[in-house]
């Protein structure tokens, strides 16, 4: 769909001027339009028409018709083929065409004309280019149209020539955006006016009614764009609007070969570098590697970047008017051939990147790359190429702001970065180019044709002089007096009868006009002029002369007092002095002539009315209209029951008085009896619905005007408006424009003069106060001019306001203008939207009745809205943060946007216009997108400029790299500058929507979103190679974290979400932790070596541990502090870090403990050193607990917590082991002390009675006995209490207590319980009584071991003393521990056994040893036994009968005769006088002998059977030598007691098993060598299987 613009200018006819009253009709594609009718042989229409064209094979038919009384006749016609019409966005001078008499038809369609006539018509026809299309592109398309037209009927097209020419972006690409998810693709679709919505750009192949020419999507970066960023670019900045449009897919619209560049235009105003995005799209595979990019910021351009230049073979069309001025701003490079080749390295990079199997996707396919990945393609490719050529020379150096430190993976990490500048500097000062912007809407928006229409300007100049030389504001008021009529007289104003007998009304004493008292204020005509007119008509020459002289004097005074007014008028219309003087004379004379020589023909068409009052009971009215001019009155027909009637009735009047008024009144016709009676009594029987009084002097030319209906009196109920088409032919002024057009011409020219000529493009804002300050448009002189003109010719104040608003729209970016425009539009809104109780006309209908033109104003607002949106999309550039004035303009611009939204909602009554807050938010986001793109692409330069760095880097190293991370901190710094500027400068200004828009937060959100995409992909690339040091990654992590926490974390849109940035760095943090573990272990070894060299000195007098512990945990805490300061918000990732760090802690501490444990025995001979080393281990445990709490304590990850708890247990075990080793190191010295104690104890004599003397003596003896031990303990325990940590001290005390107790038991009371050698000697030596002497020798002076009761009492007292000593009044071991100590209990039990009889000990043995028989596990045979237990009922004595039945499966090897027999022994108390042992006969060489022998044991009645047991022993009888034991079994009689008898197979074990109690009893009994029962018992329980022969 294309837009055809036709301007019907003038015509020249042959013939008498009186016979022509012509109009022109235009026909194309079944659409017909008609001009107004104009008289004369050289009529001038100057009317514009627009048509939507979908078929270019048709033509435009132009017919000129002459109006007749009955029918119209055709003067001539002309047919113009649409293919021949030029393409242009500028109006041309037009072409004269000869009118022909006949038309030629073909297939029912006009195809040409014939038979020329002498008449000619001037037409300007053109196809309009898309709004704001770049000038170069306009030339290109115009050239293409001309080229196509030049081909003629053959319609051939040279594809070869086309392929050689540089293609331009498609126009469709500028007017639409195909992304269905775009946040901005429908910004204008729901509120565009009918006019703007019906003219789609001519380059679309299909109609796109919603395609807004000012849409600007968020930029989309593609890999193709980024590959081309290294190619040559020419950029040219110009002044007008531009947008940023990217195209993810190709648009198949261009008539050339497929366009390879999308229109990548800036959201920026012309001068912004912020949005100078190097984004290009390749769409032609043949040209991918050879074409270069030219980006041009062109006037009226939707596209700043990506515009390919023309080749020299394409001559641009002639540029006229505004285009010439702007073309002059273009650099010379624009005119050179832009077809260049990219550098070889770019081609190489592209080839390398694509690889043999890689290629870009099809043009219409979606890109496989994310936005962030695209940034990296070029950087990664370059570095990989360089890595292939240049060997890696080590890790890159840290950025200057990163301190290099020891322990590579640990130090040099800045965990608390603050990237904000100490002195904020607006980044826009660095990002903006020199501003050369021409403020205002593009020429297509605010075309002011009145500036070029000299004929109209000349007429307006005269009318302005006429209005100002004798202004209405200075007219002479009437001199009214109360007057009595003697004859029936009618009011001059309302034509009503002056009722009454006397004093009926008012009469002016000067001019004689009569009216009602209520009507005198409605008579505002000048009294002098009225008097002059009347005198002239009645021949009162003298009186007339006097009046004329008075008027002359007044005009002279006016000219003398206000010369500046007429000078301004002369300057505005550029009239030379001589002509001005002559014109002043002419104007004065016309004023003096008044209406005496004035006449006009007036044609009034009553078209329709809207919103009338309902007067009938039915809620409706039956309106008709009366029109009165002078004394002539006419009326329309009645429209019944309609409040929005349409009459379409035309009336003709002749008027000879310029001061006359046209009185248009609307009535409600009543046809009932009441109205008929009223007709008889009153002139006005019908109900009054409203009136409008039109001054004839305010009429000019053809007017189509809506007039608001007004009241006659305060009692009138009036509403609505009436539409009148008025045609006025004033004698001598037949061809002038309507006064509204004339006022527009005056206002626009005055505005142009004051701003562009006097103000050099700046708008002077008048100072005005009060409620009507918005009606003051200029300074005093200029304001008086427009006000007087408006007053004279009836221009409504709202029309003045809308006209001034339209003028300001072309300068809306000048300082102070947005505020004025906002106020103006707010008052315009109030005028239309704020209805009163007296009117029921909707705001939309009132606006539709505007004389300014509904479509015109709506289109103006639509275009202004788009332009404002564009400028807000580059607010950082257009409204610098460093300029308070521009910031105020920014605030006013948003207010203006809000007013436009209010207008659309309340005045246009659109259903859902875009909310101003959302529009501003979208604009802010668009600006931030382009800002980020720019700082990303120019990061090094901007950073160097902002921080005055002199570092020069080659272009390929300025961007992101996989060999270093220098780029990213710089980018973060720039991002922070942007966010800070938005937060501190723009947020306080853009505060109109506090609930919906916070610029600082939006800035942080957008910047973080874009940065996150790039950062994520960058780190994915780094993961592949890990070319940077882990400390560098950690530093970057901290900066990213700081950026997130400072600006992003609290954003509402991210509340409740787990940030994703920790996941980007997880692998690098784990890598750092791996390296840190190695560093920590190395550090540990070094710390221990240093500590060892220093002799493990205490760190201070109060600290009981050495430096190595402090060093180790200082290093671990530093490492953990880095992890902690990461403040990882992702619990799962933090858990990974904690698990890994827990492993490091475990390795380090366990290696420390292992090293100490290994060397510890060597240090035990020194006094303090072992204690310090144990203190070190204990301090490890203390610090580990603190670190556990620091890492989260109960909140710590379960796996990490378990690891640390397990480590704590291990360290506890280590400390126990070291304490044991340390305690055992005192064994030799304690042995010596205890030996001395034993000697002293052996000298104690006396009985163990309980007399006081005996107790005192025992206490003294105990002190004497303890002296050797106490001397030793005093010296050492005092040292330990000083040197050891409390926990270590207790462990050392426990070990010493253990050693002392065991040694006393072993050396004083019994052989040591754990001395298996001694036990074995007991077993072996007791095998036969003849060897007891060996046992005695081993136990050293057995007589001393057989402690007397006195000695036991002394020893018991000594134990109490030792216990109190180790308790140390609560500073040592706890009493509970000491009392329950198994060592003490064992010793005391042994002592208690010393005083018991042999029978008691044996009974205790039998009752306590329940598991003596262990042959079940490894039996060496079995014996069948039958036991019967009898208890005498009288005496209670027990008799046991034992029958040895047989033996079986005896395991024995012997070289000689094997003669097994069974020995049965009764073990128990009170057996000294009874037979205790029986033996069976031996059986020769029988391993399963049968005995069947019965034995009887008699037990006393002192004890029950549970105190006795049978011990069965199978032996091999040997003659002349000791019998050898095969196996033993024990049968407690307690098992037989319940049943009374038992028969079983008893397995034979190798020896008797007993616990410590049994061994103790055995040892005590072994010392009673004179007791036969004891000696026999020891021998019996000490027996074990003899060694077999041959084994």
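From the backbone N, Cα and C atoms, a Cβ is placed for every residue, glycine too.
Note on 295, 303, 621: Swiss-Prot annotates phosphoserine at 295; no matching annotation appears for the rest, which is not proof of its absence. In Swiss-Prot, the annotation zinc finger applies to 477-527, one of the ranges 426-476, 477-527, 528-578. The coiled coil annotation in Swiss-Prot falls on one of the ranges 1079-1109, 1110-1140, 1141-1171, 1172-1202, namely 1172-1202. In Swiss-Prot, the feature phosphoserine is assigned, of 16, 254, to 16; the remaining candidates carry no such note in the record. Among 176, 844, 944, 1330, the residue that Swiss-Prot annotates as phosphoserine is 176. In summary, of the candidate residues 367, 1251, the record from Swiss-Prot lists phosphoserine for 367, whereas the others have no such entry there. If you take every residue in the domain 'MHD2' (1263-1405) and average the pLDDT, you get 73. Residue 616 (Ca(2+) 2 binding site) and residue 622 (Ca(2+) 1 binding site) have their C-alpha atoms 8 Å apart, to the nearest angstrom.
Look at the binding-site residues 616, 622, 670 and count other Cβ atoms within 10 Å of each Cβ; 616 has the fewest.
Around residue 668 (Ca(2+) 2 binding site), the same-chain residues six or more apart in sequence whose CB sits under 8 Å from its CB are 613, 615, 616, 621, 622, 623, 686, 687, 688, 689, listed in sequence order. Residue 687 (Ca(2+) 2 binding site): 19 other CB atoms within 10 A of its CB, across all protein chains.
Other than the site residues 616, 622, 668, 670, same-chain residues with C-beta atoms no more than 8 angstroms from the centre of those residues' C-beta atoms, the Ca(2+) 1 site, are 615, 620, 621, 623, 669, 686, 687. Shown in sequence order, 41 are the residues of the chain, 6+ apart in sequence, with a C-beta less than 8 angstroms from the C-beta of residue 16 (phosphoserine). Taken residue by residue, the domain 'C2 2' (583-707) breaks down under DSSP into 23 helix, 56 strand, 46 coil. Residues of the domain 'C2 3' (1419-1546) grouped by DSSP class, helix first, strand second and coil last, total 7 helix, 65 strand, 56 coil. Mapped onto DSSP helix, strand and coil, the domain 'MHD1' (1013-1156) counts 113 helix, 2 strand, 29 coil.
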